[in-house]
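Asks: First the structure, then my questions, so here it is.
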Amino acid sequence: MAPAGHILTLLLWGHLLELWTPGHSANPSYPRLRLSHKELLELNRTSIFQSPLGFLDLHTMLLDEYQERLFVGGRDLVYSLNLERVSDGYREIYWPSTAVKVEECIMKGKDANECANYIRVLHHYNRTHLLTCATGAFDPHCAFIRVGHHSEEPLFHLESHRSERGRGRCPFDPNSSFVSTLVGNELFAGLYSDYWGRDSAIFRSMGKLGHIRTEHDDERLLKEPKFVGSYMIPDNEDRDDNKMYFFFTEKALEAENNAHTIYTRVGRLCVNDMGGQRILVNKWSTFLKARLVCSVPGMNGIDTYFDELEDVFLLPTRDPKNPVIFGLFNTTSNIFRGHAVCVYHMSSIREAFNGPYAHKEGPEYHWSLYEGKVPYPRPGSCASKVNGGKYGTTKDYPDDAIRFARMHPLMYQPIKPVHKKPILVKTDGKYNLRQLAVDRVEAEDGQYDVLFIGTDTGIVLKVITIYNQETEWMEEVILEELQIFKDPAPIISMEISSKRQQLYIGSASAVAQVRFHHCDMYGSACADCCLARDPYCAWDGISCSRYYPTGAHAKRRFRRQDVRHGNAAQQCFGQQFVGDALDRTEERLAYGIESNSTLLECTPRSLQAKVIWFVQKGRDVRKEEVKTDDRVVKMDLGLLFLRVRKSDAGTYFCQTVEHNFVHTVRKITLEVVEEHKVEGMFHKDHEEERHHKMPCPPLSGMSQGTKPWYKEFLQLIGYSNFQRVEEYCEKVWCTDKKRKKLKMSPSKWKYANPQEKRLRSKAEHFRLPRHTLLS
């Protein structure tokens, strides 16, 4: 891109950020809660399956609610996992490539790892069998797996005697882009169907309708596509009018100024397409495609586009003809990386395919709207009763209709999202968004779509979006950030079970399940529950628990929930806080050494809460807000005094503000010790310490060689007298009073106060104990 182009991109991107910011809360990029892998395990909210062989190389997953199993395809293996707990009771099928095939594959120049048998296809074939296809050392083949009826003895057996060639059903390359859908006994697949990965095509095979595909080497149909998803969606009650939709990205022919421009497409064809009689024989005669747009409106009509589709999710509704389509997109710019989620209604998609065709007279002409006569039956329509019933199959269509469809596969009108803009935009660059799953939830104040977004670091974001019709702004609320795997790993597959309230997540090396919610984690007070804004959770008068819109579990008198506004003050007015949990303010005593640094720690549970510090210098003195400067700094961890003064002594109040709800989280009394008194301590007779009956014990839970947290912090902020301060702290901790406390049993000493135990167990961050406070 030329320098001028770089400047334009920078300006557009800056405007995008400016445009998007007003619709968000104070910290839109922060999740409200951040849970580590360790915390998820301790909450019993997750379960992890890892192959006993040490590798998995997951490529596909299939959720089977009927069999209550999750089927996983990897390298040389197919696994059957328990939906209740994926780490328990797994079964496996070992299905490697033959030694002869592997040797041939390597001799042709492929890497030995690529010459394994990677399972790429898993579909329900009927109630007792699965269809599976695998790469077979660059010689794809398919077979059936017998799983039996749900009521029978569990079965999991590969019927290898029914193996068939898999060309056109499964790619040769294990890493090639690929999608497939089984409709009846017909397998529809979008793939690269040759050994060298050059022949991109959409196939139908296996069933009674016969083998059919897109034309070879016709860039008007497919130009270097990356297949993302495929679904069968009916248009009406006539099954002969059913259509297959393929979602993919490709190089756009109509972007004449840049041959490398990527667009996202929706391709459509009739399930019962038989091809033409004289033209397009055994080729799709109803294939059409339209551009799928996801963009943010910009200055002077110049939009910022997210052109590359990463994932697509179809959310079923009560009407099977009108599911909601969610697309996860990213930018194709080499300068900036951004991601967006757009939502599409089927009415917009059908409108584009029923609209005008795109047309180009010749190489010297531009693409334009076709204004000539359109033949009958309309190109792209199915042979059905809805279409007049005049034609039994597409083979009966007139040649001019087939010829027109062949020359005009592209629709002129693009498909635009709901509200004509994304529901979610992420431009912080923290991680790349890769996978998307959606659950629709009924809450007290309406219906919400909860987005679960998988990233390239093993993080899953749980997000809701709220559209304000008056201002036309979209508020995104990141409810949780979940670290699914212990070690960062890209999420490559996600399956969702609304019935079980579980999300199943696959990486290359492991499969995890995680519950949608854990309501009592939010806190034991009404305000805690309402501030969470989680549509799965509500205050029932006793605790924060699962919200049930109707039925026996509903407690209409006591439910308190406000997802749209999070107005805890209004919702919880008159509610008694259990154990006065919210009224109770944690009190601490802290010491600071004059002219050195001190941190008053306060980390609210919610990362979206604003923290305000107040100080009171005497009992009868009014509280004042702490003024920060180059000496007193407000940090995420608390209030940092770079150089403590005697005048800083007082009582400090850490208050959080979230949706206008104010809560005092912590009260810290700071006592400042004069530096010369600390110096005097080191001139005392050291013999006194040698006569102590009990030596100063090491910090609980700290292994030998582990550096206490405060040492790292003191070195980080640059204490001028680090060694003396360290010695002073050890002397303070080793007083006779402290030794008496340490004589208690370890379990009693660690959590002498039940309230402290509860607070510690629900703490957001795990770290070494800080036995620094004397009361």
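The first residue you see is number 1, and the count goes up from there.
Cβ atoms are placed via backbone N, Cα and C, with glycine included.
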Asks: In Swiss-Prot, Cys537 is paired in a disulfide bond with which of Cys519, Cys572, Cys602?
Replies: Cys519
Asks: Can you tell which of Cys270, Cys342 Swiss-Prot lists as bonded to Cys294 through a disulfide?
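Replies: Between Cys294 and the options Cys270, Cys342, Swiss-Prot records the bond with Cys342.
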Asks: Give me the CA-CA distance between Cys142 (disulfide bond) and Cys105 (disulfide bond), in Å, as a whole number.
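Replies: On Cα coordinates alone, these residues lie 18 Å apart.
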Asks: Helix, strand or coil at Cys115 (disulfide bond), per DSSP?
Replies: helix
Asks: Please report how many Å separate the Cα atom of Cys270 (disulfide bond) from that of Cys537 (disulfide bond), as a whole number.
Replies: 43
Asks: Considering Cα atoms only, can you say which of Cys105, Asn175, Cys294, Cys342, Asn596 is the nearest neighbour of Cys519 (disulfide bond) among these recorded positions?
Replies: Cys342
Asks: Which ones in the same chain are close to Cys133 (disulfide bond), with CB under 8 Å and 6+ residues apart in sequence?
Replies: Ile119, Arg120, Val121, Pro140, His141, Cys142, Ala143, Gly166, Arg169, Cys170
Asks: Tell me the coarse DSSP state (helix, strand, coil) of Cys133 (disulfide bond).
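Replies: Once the DSSP labels are grouped into three classes, Cys133 (disulfide bond) ends up as strand.
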Asks: Just to verify: the residue among Cys142, Cys342, Cys654 with the fewest other Cβ atoms within 10 Å, which of the disulfide-bonded residues is it?
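Replies: With the disulfide-bonded residues Cys142, Cys342, Cys654, fewest surrounding Cβ atoms within 10 Å: Cys142.
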Asks: What number of additional C-beta atoms lies within 10 angstroms of the C-beta atom of Cys115 (disulfide bond)?
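Replies: Within a 10 Å radius of the Cβ of Cys115 (disulfide bond) lie 23 other Cβ atoms.
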